[in-house]
There are 2 protein chains.
Amino acid sequence: MATERVDNLAGERRKAEFDVEAMKIVWAGSKHDLDVSDRIARLVASDPVFGKDTRTTLDRKELFKNTLRKVAHAWKQINELRLTEEEASRLRFYIDQPAYVDLHWGMFLPAIKGQGTEEQQAKWLPLAYKMQIIGCYAQTELGHGSNVQGLETTATFDPQTDEFIIHSPTLTSSKWWPGGLGKVSTHAVVYARLIVDGKDYGVNGFIVQLRSLDDHSPLPGITVGDIGMKFGNGAYNSMDNGVLTFDNVRIPRDQMLMRVAKVTREGKYVPSDVPRQILYGTMVYVRQGIVSDASIALSRAVTIATRYSAVRRQFGSQNGGPETKVIDYKTQQSRLFPLLATAYAYRFVSEWLSSLYTDVTQRLQANDFSVLPEAHACTAGLKSLTTSITADGIEECRKLCGGHGYLCSSGLPELFAVYVPTCTYEGDNVVLQLQVARFLVKTVAQLGSGEPLVGTTAYMGRAEHLLQCKSSVQNPEDWLNPDVVLEAFESRAFRMSVDCAKNLAKFSKPKEGFSELSADLVEAAIAHCQLIVVSKFIDKLKQDIPGAGVKQQLEILCSIYALHLLHKHAGEFLSTGSLTSKQVALANDILRSLYSKLRPNAIALVDSFNYTDHFLGSVLGRYDGNVYPKLYEEAWKDPLNETVVPEGYHEFVRPILKQHLRMARL
Amino acid sequence: MATERVDNLAGERRKAEFDVEAMKIVWAGSKHDLDVSDRIARLVASDPVFGKDTRTTLDRKELFKNTLRKVAHAWKQINELRLTEEEASRLRFYIDQPAYVDLHWGMFLPAIKGQGTEEQQAKWLPLAYKMQIIGCYAQTELGHGSNVQGLETTATFDPQTDEFIIHSPTLTSSKWWPGGLGKVSTHAVVYARLIVDGKDYGVNGFIVQLRSLDDHSPLPGITVGDIGMKFGNGAYNSMDNGVLTFDNVRIPRDQMLMRVAKVTREGKYVPSDVPRQILYGTMVYVRQGIVSDASIALSRAVTIATRYSAVRRQFGSQNGGPETKVIDYKTQQSRLFPLLATAYAYRFVSEWLSSLYTDVTQRLQANDFSVLPEAHACTAGLKSLTTSITADGIEECRKLCGGHGYLCSSGLPELFAVYVPTCTYEGDNVVLQLQVARFLVKTVAQLGSGEPLVGTTAYMGRAEHLLQCKSSVQNPEDWLNPDVVLEAFESRAFRMSVDCAKNLAKFSKPKEGFSELSADLVEAAIAHCQLIVVSKFIDKLKQDIPGAGVKQQLEILCSIYALHLLHKHAGEFLSTGSLTSKQVALANDILRSLYSKLRPNAIALVDSFNYTDHFLGSVLGRYDGNVYPKLYEEAWKDPLNETVVPEGYHEFVRPILKQHLRMARL
Ligand SMILES: Cc1cc2nc3c(=O)[nH]c(=O)nc-3n(C[C@H](O)[C@H](O)[C@H](O)COP(=O)(O)OP(=O)(O)OC[C@H]3O[C@@H](n4cnc5c(N)ncnc54)[C@H](O)[C@@H]3O)c2cc1C
Ligand SMILES: Cc1cc2nc3c(=O)[nH]c(=O)nc-3n(C[C@H](O)[C@H](O)[C@H](O)COP(=O)(O)OP(=O)(O)OC[C@H]3O[C@@H](n4cnc5c(N)ncnc54)[C@H](O)[C@@H]3O)c2cc1C
Ligand SMILES: [Ca+2]
């Protein structure tokens with residue numbers, strides 16, 4: 001078919017003032033990353049098995065079976081095409097459907113790598129790499145989540161048989177939530193209280209086989225199933241989050257993960273020489289991935305909302321001409337462009353986090369644990385900040401699309417529903433900020449004690465200055481100076497931490513004070529985390545960034561990111577005395593002009609994410625902007641349109657119209 | 001079965017310091033309202049046809065048929081039990097499943113009442129009341145929503161046959177979104193451009209029959225269908241939002257709704273003596289209903305999160321005792337209690353809006369249109385404010401429930417998904433606030449001109465004072481004085497409006513200025529709307545409120561409502577100079593102590609909403625707090641648990657485990 005290609009957004013694309021191909025490399029991280037992503041994304045998009053069209057209309061069983069098919073097909077492709085590990089992981093990513101393999105690769109394997117001895121790794125990892133066993137990560141219980149130390153499942157050593165007895169003593173000790181557990185996993189890393197000789201040694205991981213490798217039936221003593229429907233159609237319902245109880249299930253002693261402590265044949269608990277902190281390394285790694293995913297989820301939503309906003313017209317028609325594109329309204333810009341800037345900001349902070357991870361890993365190997373508390377706080381805080389904002393941001397993008405954003409064909413409802421649990425798993429976002437706050441308060445308390453200020457807390461070294469400095473801003477343009485912005489964010493964050501510390505000092509019991517002031521402490525922690533993101537964006541701009549106009553665009557985005565936060569949290573900048581009302585107002589003025597500067601580049605800036613229409617899964621976000629004909633086409637695919645007269649009409653509608661129901665009473 | 005009744009929340013209920021039964025009356029509006037609601041809610045809850053259990057697992061067709069069944073059963077009950085109109089509407093409400101009847105009763109009938117002549121009403125209303133015809137409201141088009149004047153559908157008068165020809169000239173003119181249209185409605189009020197003798201008279205309503213009353217097939221020239229899946233499982237997918245195109249469909253001339261203007265047999269367009277403004281009356285009515293629904297949706301979510309927070313325990317166990325209830329954490333309180341207070345605040349402002357509606361109706365009948373602009377702005381702004389906050393509030397409640405909030409059995413995902421479009425329909429929330437802003441700027445411009453300040457803008461009469469006043473707050477307790485709170489809100493709102501007006505004056509073209517500053521204008525509009533809610537809550541407290549301790553609780557809620565807003569928008573209070581940093585900090589101090597005061601009453605305050613477990617539809621929000629056993633029970637009902645080994649295992653999982661896929665490549 002020689003149909004002409006539509007590109008309703010061609011005019012928008014011509015407006016771009018920078019080299020889009022160069023920006024694609026910046027976003028991807030490198031030319032290599034871009035090439036791999038691009039190739040694999042196209043591969044997935046062109047394969048009918050990976051089609052996403054019907055996903056939101058499938059019922060649970062159909063959706064689940066469809067997911068199993070995609071996973072199997074992916075595995076076949078990975079092997080047939082001899083994909084590298086990097087390519088394989090890109091492939092799973094672009095399939096864009098949560099599945100049991102996510103936990104197998106993302107949690108089961110890393111848990112064994114992180115917590116298993118070398119022997120254990122040698123035994124289990126090859127099985128897992130080849131998928132001869134499929135594993136999940138079974139920590140959370142029906143009654144216990146955030147507080148891992150509260151888990152009730154027990155693993156009692158039986159010296160007679162050299163086994164552990166895994167047992168669920170109560171209903172609330174049922175394992176609950178692990179992904180991949182419900183229907184697929186053959187194995188799990190199960191977290192349970194280690195009991196040796198009547199003594200409770202706290203929570204430890206154990207490799208437990210759950211299902212027969214012959215016929216997939218649960219092994220004796222094991223009850224396992226799916227926990228039911230979750231938020232949204234499609235979305236996370238392709239995952240078999242599960243429930244699991246143990247009735248005195250026995251496993252060999254050597255299936256306790258023994259890297260940091262072991263139980264001997266004689267029933268002795270022996271800590272190894274590997275320090276417990278080593279386990280935090282994995283956490284940094286996992287959370288870095290979550291921050292990177294935040295930038296991806298947000299940029300997807302922003303792409304959809306931006307493209308549709310440049311297609312959608314509403315009001316403002318002059319003499320019968322076309323109406324105004326909604327992207328030209330300042331309210332639309334003030335909601336959309338900060339999210340676009342945020343997506344870029346999160347991208348760069350995640351890039352930085354991955355270098356932090358490399359650094360931390362090297363130090364851990366050299367037995368240097370000094371940076372751990374800071375690295376831990378910083379990743380916890382960034383996980384919390386970026387996922388909260390991304391979740392809200394996706395929903396805002398949906399609203400920016402007006403009524404049509406409510407249709408599943410917009411892709412946004414599913415993107416939201418699948419994303420939101422990120423705010424809860426891997427640490428509830430509030431619980432995480434409380435950890436950051438605890439770290440900040442401690443850091444402030446130690447100021448002047450000679451304790452070195454590492455990493456992202458280095459700015460606190462200029463305590464005197466930050467408490468006294470007055471911002472030099474006098475004109476709107478002054479806000480374009482990164483040093484000025486940075487100082488304002490540092491001053492606000494530091495003063496908030498110091499204020500908290502002062503208020504805490506008024507309590508005789510520190511614990512009571514911390515609890516009473518916890519809402520304020522969370523705000524201080526967030527301010528600190530926002531500062532980190534701003535400062536890493538500014539650092540990025542100090543690098544050499546090739547490509548015509550690319551750096552200029554990133555500078556605009558960086559300013560928008562920082563100044564929209566300043567506007568949103570003006571109360572904190574003002575009440576800490578970091579800025580004057582006048583200065584805050586000037587920031588708002590320059591922000592408006594930055595929106596105008598960004599406007600002609602908006603489409604090109606989302607094109608730079610290089611997402612395929614398959615990955616976006618949105619009629620509104622189509623690359624070609626051909627929205628209306630496609631929306632119309634999509635509608636007719638709904639199962640309800642299979643018949644003109646709906647099922648149930650004769651039984652339930654006609655009797656009303658014909659007054660048969662009404663007459664019944666007379 | 002003589003099973004013992006559990007009440008895990010009995011201890012919480014005993015803590016209450018007020019008369020819950022009296023509070024129920026306050027919430028319901030009157031003893032009569034409470035009795036009716038209570039009776040009908042129980043009726044619905046006890047009828048198996050109205051069960052909600054399977055809703056989120058049904059596929060589209062099943063869900064839709066299930067909805068038709070419920071509607072038919074409701075109609076049967078309404079007739080058999082000879083329910084009054086009030087009772088019937090309560091019944092539909094408690095069934096809690098969006099259905100075509102919502103539009104029939106809520107939009108189709110009111111449109112004919114509001115826009116039809118007496119003759120037209122006499123002809124069509126009886127048919128609609130008896131449901132011999134079923135109608136919907138067809139305004140929005142694929143390419144046109146917010147801007148109603150941009151609609152493309154035409155209604156051209158044909159003097160030869162005394163008919164209108166209804167036609168869809170383009171793809172974008174397809175009607176798109178009307179609820180009830182897709183599969184059920186036999187008729188619609190269709191909005192189209194009235195064309196008489198080549199002249200375009202703008203948009204008007206027409207009654208158009210869509211489907212045969214004999215066999216339900218679409219009439220000639222009419223193409224109609226469903227627009228497909230929407231956000232969430234269950235949720236709004238029980239509604240058949242539809243698409244509709246006309247290919248020169250002819251209707252008799254007298255099916256044009258002719259209350260404000262008619263077309264004569266000779267083809268003359270003749271405005272009637274009924275002023276167009278009369279149509280705004282309906283808008284006030286509809287939006288008052290939306291504000292009332294906001295208080296209900298939010299209070300439902302808050303009920304679930306509050307009860308579950310008093311069941312859920314996490315951390316803080318002392319010497320092996322139970323962990324701390326999460327409701328006792330200050331961060332949890334600072335997120336939850338303001339939402340509880342907000343639900344009450346919205347309830348009272350909706351109560352006030354319904355009295356405003358009565359007042360406006362009486363004035364309109366007396367040809368007094370003076371209050372219309374103010375009433376219109378005020379209802380638009382309150383619709384926007386309350387629905388935005390409620391949508392976000394429901395999601396916050398979901399997050400407050402940790403992981404379990406993500407399960408459909410929590411009820412929260414569906415509540416969110418079904419609620420969010422309220423931010424878009426009946427006026428996009430941003431577009432509405434821009435209307436409010438326009439009204440405010442105009443009001444400010446007229447200050448001192450002698451133009452009377454009506455209704456909610458009366459405070460602007462004290463312009464001088466509000467621009468200069470300094471808050472008297474010196475101690476935390478000063479914030480408990482309603483006059484002090486009111487003045488702070490008035491001062492902030494007024495100063496923001498005045499600042500906007502000043503900044504606008506700097507532009508030579510007012511329209512350009514308005515567009516450039518629109519984001520700030522929206523903020524000023526929101527500040528004005530928040531003031532209205534605060535002031536109506538304070539007014540409510542001036543009434544006589546019977547019941548031990550009831551008024552005291554409402555005072556606490558009112559303070560929490562106002563002061564949490566003050567904290568959230570501190571930047572505006574500070575930058576307008578309405579408050580000092582110190583005063584803002586004092587507000588935050590008293591807020592914390594108000595949370596502690598509210599804490600023992602939290603469960604009783606949500607009990608006062610008097611919601612049945614059926615209506616809540618949430619395992620986490622159960623009245624008896626028996627959460628864990630019921631969550632566990634629910635899980636096993638998922639279709640995936642029908643078989644131990646999932647469908648697709650043999651085809652798609654076993655080949656992986658057995659390395660058949662892997663080997664294939666070798
Ligand atoms: C989609 C999804 C997938 C998951 N996958 C897995 C998996 O594969 N394996 C696994 O083991 N688990 C998994 N989980 C479970 C997840 O890790 C937990 O849900 C998460 O840790 C949050 O814990 P919770 O549910 O107990 O929340 P809770 O801690 O009960 O949170 C409830 C409320 O209490 C508050 N709160 C809790 N403690 C405190 C405190 N100390 N101070 C102040 N406030 C507090 C929280 O902020 C929240 O508002 C998954 C969960 C989801 C939703
Ligand atoms: C669940 C649901 C049910 C519905 N039921 C019906 C029904 O029964 N009958 C019916 O006729 N319709 C119905 N509608 C349609 C509904 O009324 C429209 O979706 C609504 O009016 C919003 O218009 P829109 O979709 O065109 O949004 P748009 O106006 O296209 O909004 C897109 C974006 O543009 C922005 N924008 C638009 N104009 C301006 C401006 N002037 N200045 C600044 N920003 C602007 C908006 O803020 C938004 O961010 C329904 C919609 C939904 C979602
Ligand atoms: Ca089915």
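Every residue, even glycine, has its Cβ placed from backbone N, Cα and C.
According to TrEMBL, the protein has these features:
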DOMAIN    B:19-134  domain 'Acyl-coenzyme A oxidase N-terminal'
DOMAIN    B:136-249  domain 'Acyl-CoA oxidase/dehydrogenase middle'
BINDING   B:THR140, B:GLY179  FAD binding site
DOMAIN    B:280-441  domain 'Acyl-CoA oxidase C-alpha1'
ACT_SITE  B:GLU426  active site, proton acceptor
DOMAIN    B:481-658  domain 'Acyl-CoA oxidase C-terminal'
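Distance noted between the C-alpha atoms of B:THR140 (FAD binding site) and B:GLU426 (active site, proton acceptor) is 11 Å. The average per-residue pLDDT of the prediction over the domain 'Acyl-CoA oxidase/dehydrogenase middle' (B:136-249) is 98, rounded to a whole number. A sphere of 10 angstroms centred on the C-beta of B:THR140 (FAD binding site) encloses 21 other C-beta atoms. Proximity to chain A, defined as a CB-CB distance below 8 A, holds for B:THR140 out of the recorded positions B:THR140, B:GLY179, B:GLU426. Looking at B:GLY179, B:GLU426, the recorded positions in this record, the fewest other C-beta atoms within 10 angstroms of the C-beta turn up around B:GLU426.
For the residue listed as 'active site, proton acceptor' paired with B:GLY179 (FAD binding site), the C-alpha to C-alpha distance reads 13 Å. DSSP labels the residues of the domain 'Acyl-coenzyme A oxidase N-terminal' (B:19-134) in these numbers: 90 helix, 0 strand, 26 coil.
Per-class residue totals from DSSP over the domain 'Acyl-CoA oxidase/dehydrogenase middle' (B:136-249), listed helix then strand then coil: 10 helix, 52 strand, 52 coil.
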